[in-house]
Number of protein chains: 2
Amino acid sequence: MTEPTTCDRILDAAEALFAEQGFHPASLRQITQAAGVNLAAVHYHFGSKQALLLAVFRRRLDALNQARLARLEEALAKADGARLEDVLDAFVYPALAFSRGSDADGHRFMQLLMRAFADRDEDLHAAISSEYAFVMRRFADAIAQTLPGRDPELLRRQLDFTVGALTYTMAESSLADTRSIASDLVRFAAAGLRGSGQRAASHDSTVQTGARSTLETSS
Amino acid sequence: MTEPTTCDRILDAAEALFAEQGFHPASLRQITQAAGVNLAAVHYHFGSKQALLLAVFRRRLDALNQARLARLEEALAKADGARLEDVLDAFVYPALAFSRGSDADGHRFMQLLMRAFADRDEDLHAAISSEYAFVMRRFADAIAQTLPGRDPELLRRQLDFTVGALTYTMAESSLADTRSIASDLVRFAAAGLRGSGQRAASHDSTVQTGARSTLETSS
DNA sequence: GTCTATACAATGATAGAC
DNA sequence: GTCTATCATTGTATAGAC
């Protein structure tokens, strides 16, 4: 059992090579050679190259989503209710840490994820979305609770803005401090959410201070 | 002159097929057949499949950037100086209109553009960035003028957030009203920019240790 | 059930004739 | 400039060994 199974060896090699070169450029012959298995093993265990990519995604996204939900639970468990910043941080920080953390492949994997999001392939898109759907709903609900009376349609749109800002930032190659980026993004999104509560209102609404650190809970 | 040149016919066919299927899946044989030219003509006129993609990008981005700059000039020409919202709108609206406008291929092209941004290919990324560099600088300067005293590094980061929100939104398949989306995004970004003028003072990392371990141990 | 060897159609690219 | 012929490599499929 100390020896990794053929399936796992393929998944590991595929993840590294997909992340490094992209989906199409990374060939199955490269992958199977790096994994030390036969070419046909991919189709036996996964069915196709694309199904292999999907399996790679699932393995990683499970971990990311669990980390997000754990942090969200922390925020929601607070006595006086969750703050908007804490909910946003639970969504943003694990992704950024994942993409820039100790794992050197994390960043590349996140770039691969963003590419998959941008990709036109509908099967892949649907599979990833379904993987995300439950988590997104949890966060949308939590955010809606901190912004009572918000138009749900507008809120969904603003959440898309936030996801876009996060995704784009993850794909950036700059390697600035994760905590600093997460903090800036949380404050940007919180101000954006609070500052445009209703449509077509006056532009120069009161500026939110919102300067509290998202970390102050433990200090 | 009524007959399009070989170059143009290749560009038109390539744009349509790249946008429809993605870069790698669209084959040169498909493209050249649709264009009614020989397969080898692509390599003669452009050098490679990727160089062809780049040429397709350049043709479109020139038009988009000109539209943006024209709108920016309008905003800057106002007697009492440009408002932040007007500058943001000059950046956001042409892109959204371009991706959802009368041209049915516009949306698909924007998805292709987002995919290119997410792509790992450094040559392509550098080429697109250089295409954008001048325009981005103009807008960054204009925005900085409406937010005097802002830390330039933070401003750059916040602009990336905005670009990410815009790019992600453009790739969305929903077809809501362009003007409405642009307006929402402008107000979101303006509030995010105004509402987080200075960074959070403390970047201590006490609270994240718990969640980070959760992230790293689960997989 | 697992894994291997091999074959196949299609791809991007190139060289050289016209 | 344009075209034909050709090459190595790709994802995929199948037949057969343990």
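Placed from the backbone N, Cα and C atoms, the Cβ positions cover glycine too.
Here is what TrEMBL says about this protein:
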DNA_BIND  B:27-46  DNA-binding region
COMPBIAS  B:203-219  compositional bias 'Polar residues'
DOMAIN    B:4-64  domain 'HTH tetR-type'
REGION    B:199-219  region 'Disordered'
Six or more residues out from either end of the DNA-binding region (B:27-46), which same-chain residues have a Cβ under 8 Å from its Cβ atoms? 6-7, 9-10, 12-14, 16-17, 52, 55
For the DNA-binding region (B:27-46), the number of residues DSSP places in helix, strand and coil: 14 helix, 0 strand, 6 coil
Tell me, what is the mean pLDDT of the domain 'HTH tetR-type' (B:4-64)? 94
